[in-house]
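Colleague: Mind looking over this structure? Questions follow.
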């Protein structure tokens, strides 16, 4: 195709200009095509996904989802990352084959549409098969012991069990699971034609009848017990299955006749239910609870001391606690004295846990953390690219860019931080909160420096600092723009400007500290004189303005909002200079410009990160990785990286690529 395109150009001269890249030749006939933006690294973990954290059998790689991206991360080096990208929406489940050759991932999609299942070849890191049969969501996946079959379970709108051929990617057979919702599926460890499903008040053992090409279920006999099952674990000999329930107990079912056998833990149920389980190399059972508790239960049946005819409940051999509900447990290293396993939690934390059977001791170590909810803001210190800060519900976090590690965490429970900024001298992290207060924290200690109470009647939604760090300009949800003077021991209100009728979403200050601009949801951007504290000029448009930036020479402003447009304005008279389409169908939430004014970076509800040439107004690069709307974006002061944050809680770090004008070859 490459040489055919070259011959076409030489013969007919239909294209005067074209761009040659390493990957493909792009013909430029009228509208130029955008190149993919290179994803460098990510900070985040989809901790809410059941069994979303997997340790590869090679002993070096952690596999987990983040939005629509699958991350393959080195266990010892968080900077060593590879990415599998092929899903169009949030990944909902994962499964790894026994040898580690194949990885199956499922996703969630819109109501009425089918959700994709992708089988990846991890040796070549290539997409092997893409299958679509389940509606709306793929709930769970599992490979057979010989890697011949893949079982998939549909979500609540589908509730069907389907068996797939791994080699061809074709569906073999399927069946509705139960009248109630089914949540988990697991193949036997030594048989490729038997599997177990469990869910809301149902537990079934399925047998694949190859002659008639049917899946035949057998209900479990639980007597009067009624349980909602969240997790299942089959022992290595296929003698019994241990099922964790929302009640907080484990039911042990003998698989030969599918009869109830035993229960545990012996000393009471786990609070908030059992959410994850895994068989240990010793034959014991690792169970994780919704309250963050982690226990090792002995599953070998023992006669009761009071009645020899009855079995003793499963005793707990060891216990510890981590932050957040445990959603994943995956075994790693096994030695003669101990074994290691990794635990993922709904708070998006990953722990490495060591268990020593001889001493009955569990020791946990936090190796990765991330935002568990949406991220509202992003900020870099002035002329410093090594660290950046993010804010969200209940937390402010400071990150090291190159190592992707958390340097500092500031917790303010039960509140939401809407905006964040550094003072120019780097002495404080400024933040606006949902209780109407402005809080400043030390960037090294994380200790509170000062609090401005009742800074706004409602939430503080925008904040900025002057270049001499002597003043703070804040914007509120009620529409007020206020200027605060910072003293050594006091913070005084200099001016309060009320011209906006809606929430103030963004504030930018000129380098000379004589002017600032505020963007509001009332459809106006107002340029304020910081000497007289009066309006200089206004920009009006039929939109909710979400973001505004100055060009580095401060002669122009660039705005964006819910009308999907990126608009250039003259900063002196407020006239619109250029209007370009920032998105095809969704609002644009965030804008950033590099220090030289060569490029604009945008992100919004279409989940894309776009890099535009400032002068041409053309989109040169597009980054695809977010599964939620992009809520904040920034270019490092050294123009090496682009950082974007989203409502899914992920932080994506991209390689900055300079927009190239068309080159004659």
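Backbone N, Cα and C define each Cβ position, glycine as well.
Annotations per TrEMBL:
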DOMAIN    386-541  domain 'WDR90 4th beta-propeller'
REPEAT    453-494  repeat 'WD'
REPEAT    497-538  repeat 'WD'
REPEAT    547-579  repeat 'WD'
REPEAT    581-622  repeat 'WD'
REPEAT    623-664  repeat 'WD'
Colleague: Please work out the helix, strand and coil residue numbers for the repeat 'WD' (497-538) from the DSSP assignment.
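Modeller: Residue counts in helix, strand and coil order: 0 helix, 24 strand, 18 coil.
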Colleague: Kindly state the mean pLDDT of the repeat 'WD' (497-538) in the predicted structure.
Modeller: 93
Colleague: How about long-range neighbours of the repeat 'WD' (581-622): same chain, 6 or more residues beyond its ends, C-beta under 8 Å?
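Modeller: For the repeat 'WD' (581-622), the far contacts come to 32, 34-37, 68, 544, 546-553, 558-566, 568, 628-635, 637, 639, 642, 644, 646, 652, 654, 656-661.
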